[in-house]
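Swiss-Prot annotations:
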- C109-C137: disulfide bond (DISULFID)
- C258-C271: disulfide bond (DISULFID)
- 42-99: domain 'Collagen-like' (DOMAIN)
- N213: N-linked glycosylation site (CARBOHYD)
- N244: N-linked glycosylation site (CARBOHYD)
- N254: N-linked glycosylation site (CARBOHYD)
- N284: N-linked glycosylation site (CARBOHYD)
- N293: N-linked glycosylation site (CARBOHYD)
- 75-99: region 'Disordered' (REGION)
- 1-19: signal peptide (SIGNAL)
Amino acid sequence: MTRWVQTFLLLVAVIRSYAEDSCPDVKVIGVGASDKLTILRGCPGIQGVPGPQGPAGPVGAKGFAGARGIPGDIGPTGLKGEQGYPGARGLKGEKGDPGVPVPGTAQNCKEWLDQGVTISGWYTIYTPNGLTLSVLCDMETDGGGWIVFQRRADGSVDFNRDWNSYKRGFGRKDSEFWLGNDNLHLLTATGNFQLRVDLTDFSDKSTYASYSNFSIAEESQSYTLSLRSFMGGDAGDSLSGHKNFSFSTKDRDNKSNCAHTFKGGWWYETCHYSNLNGLYLHGNHTSYANGVNWSTGRGYHYSYKVSEMKFRPQP
């Protein structure tokens, strides 16, 4: 066989092979000649152009939270903010129980007495606002424990003074003094206190008067005197008539010019039943009611030798 014939036959075989793989089969269905149906399967067509993108589907369900990551580094400190406005003031709390005094300190002479101090004299106490104050403690009269805030004894100190002097206090520890209206208010503002007035005439006869619930108001209320009742005493009651009266001095006379007329600061109205801050006149005097007077005692024409006003916690 010649060479070109061999080549031709090989080419036909290859073409036939491609035709069998790429062209569809021919199938005949049916038994009889009239029932036979020829089915020709076509070749696959060329891939068409992609259609337009369809609409987005509905949002899927939220997935589970992932694992927490590693904390990052702390950032730098921010700038300090501006100070805010003060808040509203809260309601006042209920009054607490009295505190237990620290050994070696006291808030009044009664506490010193309870710690074993029995000798009268000047002692340091702590006021309710934490300040210290030197006071004369009477540890002998009627059981002791008294803070003495007024004393007349020899006429060495002038008691016809102005408002600020009575406010701050004045005098000498070894003779006559007034403890000060600010101090009186501070020491009597909380608690219940008993007031005692001790009087001694120039015959050295001593008498007294006692009162319950003594206190002095603050300066804005003109140091008004508060008392509840006369508790007794052979000097008689010459102070109940002054309760709820304002304090007056020669430069701030709150009632009827009494302080100017009777020469001393006191709780006046029109004008007085007593005035232990008047002139020191050595017993009997002809002038009217301007001495160290206690009307239910020796009257308006007798000036006492010694007077002391004192208070302590009420039993």
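Glycine residues also receive a Cβ, built from the backbone N, Cα and C atoms like all the rest.
Note: the CA-CA distance between N284 (N-linked glycosylation site) and N293 (N-linked glycosylation site) rounds to 10 Å. According to DSSP, N244 (N-linked glycosylation site) is assigned to coil rather than to any helix or strand. Ranked by how many other Cβ atoms sit within 10 Å of their Cβ, the glycosylation sites N213, N254, N284, N293 place N284 at the bottom.
The disulfide-bonded residues considered are C109, C258, C271; of these, C271 has the fewest other C-beta atoms within 10 angstroms of its C-beta. Looking at C109 (disulfide bond) and C271 (disulfide bond), their Cα atoms lie 33 Å from each other.
Sequence-distant neighbours of C137 (disulfide bond) (same chain, 6+ apart, CB under 8 A from its CB) are C109, W112, L113, V117, S120, G121, W122, Y123, G144, G145, W146, I147, V148. Within the chain, the region 'Disordered' (75-99) has long-range Cβ neighbours (under 8 A, six or more residues past its boundaries) at 190-191.
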